[in-house]
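**Student:** Would you mind keeping the following structure in view while I ask a few things?
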Amino acid sequence: MAEGETESPRPKKCGPYISSVTSQSVNVVIRGVVLFFIGVFLALVLNLLQIQRNVTLFPPDVITSIFSSAWWVPPCCGTASAVIGLLYPCIDRHLGEPHKFKREWSSVMRCVAVFVGINHASAKVDFDNNFQFSLTLAALSVGLWWTFDRSRSGFGLGVGIAFLATVVTQLLVYNGVYQYTSPDFLYVRSWLPCIFFAGGITMGNIGRQLAMYECKVIAEKSHQE
């Protein structure tokens, strides 16, 4: 190359650490948005199932009236779903125990189907008493965890989510923020913890699968570079 010629300036590349952090942050935001909309969708679907039994977490006209007293329930469910879905893989990494049991999308879809089925059963099946109903739902919820999760961290988080969500829900009801459309409050209270537990396991599985897919994409990009 002649001395008079000058090299054209090349675009500066970010360091690998900055690039990695930026990529991870964007991926976390994308996963959070996806989980949020999944949570909103499931909240609306499950509410339609519960309408069959006249037991809903928000009035049936919530979509038609933006001034409904519980219009905020679906967004809250979406936010909780995003937090849970991001928390599960984070806890797995923190404990150094990556979840590898049934890590494919077909298993996740079956988990979602079983979760919806449990909710459908709670709306359709009649039991002699609330204790029998609660025991059946508890067995189904634990069966969902055993079939699609089997991790100690998943079970512990599921129990914690069920307890916290049930307490928050009852506090909102007691304070008159919103109320159930069914007069049988004991019936509602009997299935809430089981549904919250199964919902936590389901969203945790979705979050883990999204995180694993993200890791695969990042690994493929690093190999190409």
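Count begins at 1; order follows the chain as displayed.
Quick reminder: no glycine exception, Cβ is built from N, Cα and C everywhere.
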**Student:** If we trust Swiss-Prot, are Asn27 and Leu95 on matching sides of the membrane?
**Tutor:** yes
**Student:** Can you work out whether the transmembrane segment (130-148) touches the transmembrane segment (190-207), with the criterion being 3+ CB pairs under 8 Å where the paired residues are 6 or more apart along the chain?
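**Tutor:** Yes; at least 3 Cβ pairs under 8 Å.
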**Student:** For the transmembrane segment (29-51), name the stretch out of 71-88, 104-126, 154-175, 190-207 with the most CB-CB pairs under 8 Å.
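**Tutor:** By Cβ pairs under 8 Å, 71-88 leads among 71-88, 104-126, 154-175, 190-207.
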**Student:** I need the CA-to-CA distance for Phe115 (site 'Required for the recognition of 25-hydroxycholesterol') versus Ser151 (phosphoserine), whole Å please.
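**Tutor:** Roughly 18 Å, rounded to the nearest whole number.
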**Student:** Around Ser151 (phosphoserine), how many other CB atoms lie within 10 A of its CB?
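**Tutor:** The answer is 22.
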